[in-house]
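Taken straight from Swiss-Prot:
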DISULFID  CYS22-CYS55  disulfide bond
DISULFID  CYS152-CYS165  disulfide bond
DISULFID  CYS211-CYS221  disulfide bond
DISULFID  CYS267-CYS309  disulfide bond
CARBOHYD  ASN269  N-linked glycosylation site
DISULFID  CYS296-CYS301  disulfide bond
DISULFID  CYS360-CYS429  disulfide bond
TOPO_DOM  479-536  topological domain 'Cytoplasmic'
REGION    541-560  region 'Internal signal sequence for glycoprotein C'
DISULFID  CYS561-CYS602  disulfide bond
DISULFID  CYS642-CYS831  disulfide bond
DISULFID  CYS654-CYS703  disulfide bond
DISULFID  CYS659-CYS685  disulfide bond
DISULFID  CYS799-CYS813  disulfide bond
DISULFID  CYS906-CYS909  disulfide bond
TOPO_DOM  1045-1070  topological domain 'Cytoplasmic'
Amino acid sequence: MMFSRVMQLALICAVTCEDNPCLWERFTNSRDIEFMIPVVNLSTSRRLSMSQRICMVSMGKHWSRIFSEGEEDRGMKDLDPLLMSSLNWRGTAKTRSSNSFNFDILDGIFLGFLDLVKWGEEADRHTPIHPECIKSKVCGFMTASGPRIKTCTGKFRGADRHGHCTNRATPHEATNVISVGVQHAQEANQVDEHEARYISEARKSINPEICSIDGVEINQCDLASPGRWLMLHYASFRLQEGSLVYLSPGLNIKWSQINVPASDFYCINVSDHLNTHYRPCEVNCTDNCQGDELYCSVHQCARSAECKCSFIGSRGMAEVQIGDRWFKPAVVGSQQFFVKEDVPVLQQPSADCTTCSMTCTAEGIAISSIKDELKDVTVCVEGFCSTRVSKGSKVWKIEFHNQYPSSGSVALARGTTVSGETFELTAECGRRTGCEQINCLFCREMLSNPQCYPYGKWFLLFLILATLYIIVALLKTIMRIFMACLSVLYGPFIIIIKISRCLGRLGKRKGERTYVRLMEALDDERKPEVVRAPVSLGRTKQPRIVLFIVLALLVHMALCCDESRLVEETSVTCNPGPDNIFSCSTKEMITVKELRAGKTICVSLKGPGGSLSSPIKIKMLDIVGRSDLLDIYFTFNGHANCKSVRRCRWAGSCGNSGCLGVGKEDYDRELGDQESSLHPNWRDCYDGCGGAACGCFNAAPSCIFLKRYVTNADSRVFKVFKPSAWFLSTKIVVETTSHKEDVTLKSGEAKVIDKVSFHYRTDKNLFAGMSIPPIVTEVKREGKPLSFFLENQGQHPKCKDENSARTSSASNCIVDQNTISANVRVDDVSCRSNLVSISGMSTLKPLPQRVGDFLIQLHNDEPVLLATGDSGVVEGELQIDLSHKKISIKVDTTVCRGTVKELKGCVGCTKGAFASLEIHSTSAGSASLQCSLSSCYMEVQKGVNNVNCSLRFSKAVVEETCVLACSGSKEQLSIKGNLIIGGDFKKLTEDSATSFSHTDSKDTRIHLQTGLMNWLDTLFGASLLGKILGIGLAILSPFILILILRWILRVVLRRSRIRREPKYEMAKYS
């Protein structure tokens, strides 16, 4: 019964409300209006007109008083469940008790049309609208949506099969109202076709990421989101057919008061004070009404009249700014709309590239893709890594040139193809070691290692000496030719000089004779002629030229290898315990001066009888440059928003005192957008123009309300690192029998792990004076993030965490208010954004980036510096203090015997030498092999064990006796073999980078052999006498060889002459 009466009232409203400002049907009809299609999932609601859907008056605090007055004697008890104390409608009694949603939702929509005074009294002939709606001229409306999931608690207990709550259910606090908004309607002219096209294009540009609003397409999208409710401001414009609605997150509105219409005055009957809310004047007032000063200035007023009219403080006529133009809309307001946004086409979860492959041969590394082109590839081998962004290529080849990875080296390649497929490939670069690593002819590696070709070295030596002899002879011949040319040119040169001198003397004599004749003519005296003897010239001596030739064979510096440190029994103190387990300690400080990334150092103590403790393993994960970070914060691509409204004096929130009396809540009321307060925002009020020229009744300055706020433009988040001082640091993993921990040590820092102290010292001036701008990396869940330098540190937001940056939180983000500058004009405000584009800087200096001799990149979410070229070897050391550590050693009688099967590797290089041993042990335990410069810790099992032992030697030709020791035995082993000098991988590509490494210059001089000394040892042995004789023989050998050749030629020529002489004599006598 109630529903049918409400429906009748609603239908009457649609045709009889001529002065109702909420009726959009004065300008448009429901089939042409945009963005207001029904969002209620009820079939009955779809037949409602636009006015019936949106015209629920914005009463707020008035509802309770109106209903209480109406309940006394007007039969309103049945409407009590619809009572609402605020705009946040919590639902009705029907929602909580009934299994039907239809009636209460429609009641909520039609609530604004119920005329309480005329309830039941000829409703079809009276306007079913409350006077408060006419007084405010601002209508609020709701968009209902229901049912919403379930309204029952406790895992849906008390719900029927349709999902509705029954009487047994514990009621939820249902909230069926999705959106609440306000709107203002006014007289407006139609916009022409050109203006409509301009507004339509501006709507697309201001909402680039919105696909549709309430089902109306805004932009074409390949993939749209499921949708969400979003508060938008809108302005509706009249077209010749239908309407056009402009929407944006905010609107700049300018209100003016021109030609005050009668509807801007609220007239009531003053005779009956009890019914002021229900008895407005039946018709618009004329001269027979009384009113306020403004009303009487427009109309003639009577002092005694039952009707009194007052100015209701109307906003006036609204103009909205679209682009750089101002338009007068028919309706302006704000509402939550159901918006579907564009979803960027994300790459599908990376699939493995099944057509990608990698090979590692003697020539180099080749990475290829059969199906798609390579997008980016990172290749690492022997600690060197190179990155390449491919340009339309399916193959990337890296040549080794005159180098080859050592035995067991594995090349690793990671990257993606243009189709988004990822690959992670490995390839073993052969089992070559020692002399097999040399893959060039007449190169430095070959010349430095004569031990690798025992027979060819003599031939090579002869070629070298012969080449030197030829060079000397060639230089001597050139000098002879030069001197011969000088001797040929000497004669003509002397002749020319003599002729010039002769001519000079002749000229001088002639001049003297002329002078003498002149004097004789004057003095009549004749004197005898004087003849001078010529001056003889000496011959110039020819210069002597002395030639000095120096031969030097150089090899490059190399790194050390993995090593074991054994603390001898004399430095260890042990106390016996049960089961032959001794508790031992040492005061000795172990210093390791040769360090590299990937190196493992084993430290063991020798107990009674030579028994070894379980080693303390120190794994060097990296040695890179790190920085103390001044600041770490999150930022985003900020979008500057500026929203302004101009209000004439005495209208709305612009009171008598103008901007001085404006409060915080006034901005929200005037600008109509509370969601912007969730973002960093600033509120300002400026004095604007007043008077008739600006469309205002009062000449006092108007109020221009302005809100500036910053939002995240694209939901992307970036993390910013601001480095200060840089220093070398190492990350190590320490493993003992009972503990394992990783720690980062920076230069000069000491830390304790499981009672073992580690002190790291390096060259602190390596990065002195280095200045690096802030580093930015994009926070991404999938895919490769952008990393780059923040060169232009202009205005940008700074947030505490990722979520605050993604939502542009006002509480956790700091933004300088100068990021949005405001320029106040006569009746509006123009804004300019000073925000910098964070993502736009990614193309200027992307990481990795070369900085001097170093390469900076992000590694494990922190900026690090890597070495390039020859900058990677620096001095440094790691000190290990075991004085506070008790180490257990089990003493047993393990007996082991062994033989050396093979010795391969290099000397003075990163990986060092490897001795392959075959050890037979009587029981499981530990064994050690100790040589003159290094030692090796090994774990053995009962029986035969094939183990590899890492050692260091000082010579390429090794012939040394080492000691193989177990807890119950010691044995001498002879190690012989040829190693190569160097053998380290120099560089993968020109732009490759690697971790830093440390080496000791003193130790380097001990175990690094120059190529010349290696040649002497190889050719003539290690004794001094052998080297002296060998050097002398090498110097004299060319001359001796030439003498022998000459002697051979003479013998051959002599024999040929002897053979020819008998034939000549026989021919003579015949």
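Here the Cβ of each residue, glycine as well, is placed from N, Cα and C on the backbone.
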C-alpha spacing of CYS309 (disulfide bond) relative to CYS906 (disulfide bond), in angstrom: 107
I'd like to know which of the disulfide-bonded residues CYS301, CYS654 has the most other Cβ atoms within 10 Å of its Cβ. CYS654
Nearest by Cα to CYS296 (disulfide bond), of the disulfide-bonded residues CYS221, CYS602, CYS703, CYS813, is CYS703
Would you identify which of the disulfide-bonded residues CYS211, CYS703, CYS813, CYS831, CYS906 has the most other C-beta atoms lying within 10 angstroms of its C-beta? CYS703
I'd like to confirm something. Which of the disulfide-bonded residues, CYS221, CYS429, CYS703, CYS799, has a Cα closest to the Cα of CYS602 (disulfide bond)? CYS429
Using a 10 Å cut-off between Cα atoms, which of these disulfide-bonded residues sit near CYS685 (disulfide bond): CYS309, CYS360, CYS703? CYS703
Based on DSSP, name the secondary structure state of CYS799 (disulfide bond): helix, strand or coil. strand
Across all protein chains shown, the one of the disulfide-bonded residues CYS221, CYS799 with the most other Cβ atoms within 10 Å of its Cβ is CYS799
CYS211, CYS221, CYS309, CYS429, CYS642, CYS831 filtered to the disulfide-bonded residues whose C-alpha is within 10 Å of CYS659 (disulfide bond): none
Compare the Cα of CYS221 (disulfide bond) against each of the disulfide-bonded residues CYS360, CYS813, CYS909 and report the nearest. CYS813
Spatial separation of CYS654 (disulfide bond) from CYS642 (disulfide bond) - C-alpha basis, Å: 20
Hey, does DSSP put CYS909 (disulfide bond) in a helix, a strand, or just coil? coil
Across the whole of the topological domain 'Cytoplasmic' (1045-1070), what does the mean pLDDT come to? Round it, please. 69
